[in-house]
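Enquirer: The structure follows.
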Amino acid sequence: METILKISNLHKIFNKHLHAVKNVSFEIKKGNVYGILGPNGSGKSTTLGIVLNVVNKTSGDFEWFGGKVATHDALKKVGAIIERPNFYPYMTAKENLELVCKIKGTAFSKVDEKLELVGLLERKNDKFKTYSLGMKQRLAIASALLNDPEILILDEPTNGLDPQGIRQIRDIIKAIASQGTTILLASHLLDEVEKVCSHVVVLRKGEMLYQGTVHNMIENNSFFELKSKDMVRLKTVLDEQSFVENTIEEDGKLLVYLKQDIAAQDLNSHLFEQNIVLEHLVKRKNSLEEQFLELTKN
Amino acid sequence: MKRLLSIEFQKIWKNKASRVLLLTYFVLLSFIALIASIKFSIGTFEIRIADQGIFNFPYIWHFNTYVAAFFKIFLAIVIVSMMANEYTYGTLKQNLIDGLSKKEFILSKFLVVASFTVASTVFVFIMSLILGFSFSSYNELSIVFTDLEYLLAFFIKLFAFFSFCLFLGILVKRSAFALGFLFVWFVAENIFYWIIKFVILGGDDKHKNFGDTIIQYFPIEAMSNLVKEPITRLSAIKTIENAVGGAQTAKDYSIHFSQISIVLVWTFIFILTSYYILKKRDL
């Protein structure tokens, strides 16, 4: 599969002491939908800023489309919106998009087409400053799509929007993803990522904690919920087992996290041999949200 | 280059404030012609300015470039706000993300500065020709095109000043503060001059030239030195001066290559530093 973006050992240190990105490496392949997850201040936006030419890297490397073209030329084939929509408030939507066309070297004919897509065609001759936040964000998406980009990068696209706005943006993203466009979505709305993305990269304090498919991230970390009469003994016995990572008591149940996978049936017979009879046995998988909180907790 | 200019002029022209300032600038420039119609009376004498020789070739080149340079502040505001707006609107970031390189960005801004300078110079050139041919006592071509170096000095002066404004816009990121900074800089240069002259050198006439030697290397002073005030050069004024204060020492009104080089070096510094700041800064 064609590689669109390759990041290797990227570091960013702000003002000589704030280590915002630590040794991040990942690859974006064509056709997949990627999510970058991380709490606020985890280095998501900085990482995106570096590959988008607005933040200078401290060390490490990144290359677009196999590194054959200069970054700013590569960016003409990329559509990106970062944090908040940035346009000239005194220009109309149409004029703003025409300006982007001039920068990217695209034909003006795309302007109406993309405005139609995000439902702003009727308002195209209104000044940007008269737009609501939701409309501004949709205009930003139209602008990012102007050149029919190879990859669409969205940084917190639903930040600050009302439920209707969030829904509209999500529908647009889904529509774009279904056309086979590669998407890189930074967000902390996990259900959004879970629904849309096939792959995730998890960051915390600038460090990369996980990268891989959403499926694997959820699958790998199954755990047991156990309950028995003698909870103390249950805990001591399990803590001695080699396949157990750790155990946590929660709401009168013992949560058992595993180093290696074990079938529920095997666990049960194993405990029975130790004279422990279980009242409650459930094998569960974390939702992406739980998995994410688990990964990123200190 | 055409692409960059078309991008920049869309940004400027669609902005109402910039458009008004630009038009005001050129309208005010053409008002220099109205000086011709000023008349005033001293006792029984009626003096008409146009008859005092201010529109005589080649003096007109000196006079018009000097007066026209006062209006440069209008374009300075346009330039400073053009740059500072990119920061406040966050569009600098967006332009880079959309695929403009930082080099192209700086280049496009300097193309605007250059076009403003060229437009002003051409405008002053044409206006002076028209005024000169209407009022000048001498119309021989050889006289008409003497002293054209004032136009060159005017060009360099404006280009340097606008580059300075652009540099301040990039450095300070807010238009009002950048313009304030420009004013503070101007005041600081003068204070520095007086400190050198009177505090350090004790106002001693012996050392008078030393203070003047240093001050000419400062950017604003260097720019204003390029085209010196033309009023005392006027024959009518000279006559009055001679009558009142006896013989005056001859003042040097000409343009020196050394002065031009100082200003060009500053311009170069402003352009390179602007690029350096933009390159180093994280947005």
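Cβ from N, Cα, C; glycine included.
Sequence annotations record features per position, and here TrEMBL assigns transmembrane segment to B:20-40, B:60-84, B:105-130, B:150-170, B:177-196, B:257-278.
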Enquirer: Sort out the residues at least 6 away from either end of the transmembrane segment (B:20-40), same chain, that have Cβ-Cβ distances under 8 Å to it, and list them.
Expert: 12, 46-50, 54-55, 64, 67-68, 71, 74-75, 77-78, 120, 123-124, 127, 130-131, 134-135
Enquirer: Most CB pairs under 8 Å with the transmembrane segment (B:257-278): which of B:60-84, B:150-170, B:177-196?
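Expert: When the Cβ pairs under 8 Å are tallied, B:150-170 comes out ahead.
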Enquirer: Below 8 angstroms Cβ to Cβ, which residues of this chain, lying six or more residues outside the transmembrane segment (B:60-84), approach it?
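Expert: The answer is 8, 11-12, 17-18, 21-22, 24-25, 28-29, 32, 35, 54, 109, 112-113, 116, 120, 124, 127-128, 131-132, 136, 147-148, 150-151, 153-154, 157-158, 161-162, 165-166, 168-170, 172-175, 178-179, 182, 227-230, 233, 253.
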Enquirer: Looking only at residues six or more beyond either end of the transmembrane segment (B:177-196), which have a C-beta under 8 A from one in the stretch?
Expert: 76-77, 80, 83-84, 164-165, 168-169, 171, 210-211, 214-215, 218-221
Enquirer: For the transmembrane segment (B:150-170), could you work out the same-chain residues 6 or more beyond its ends whose Cβ comes under 8 Å from its Cβ atoms?
Expert: 61-62, 65, 68-69, 72, 75-76, 79-84, 109-110, 113-114, 116-118, 120-121, 124-125, 178-179, 181-182, 219-220, 222-224, 226-227, 255, 260, 263-264, 266-267, 270-271, 273-274, 277-278
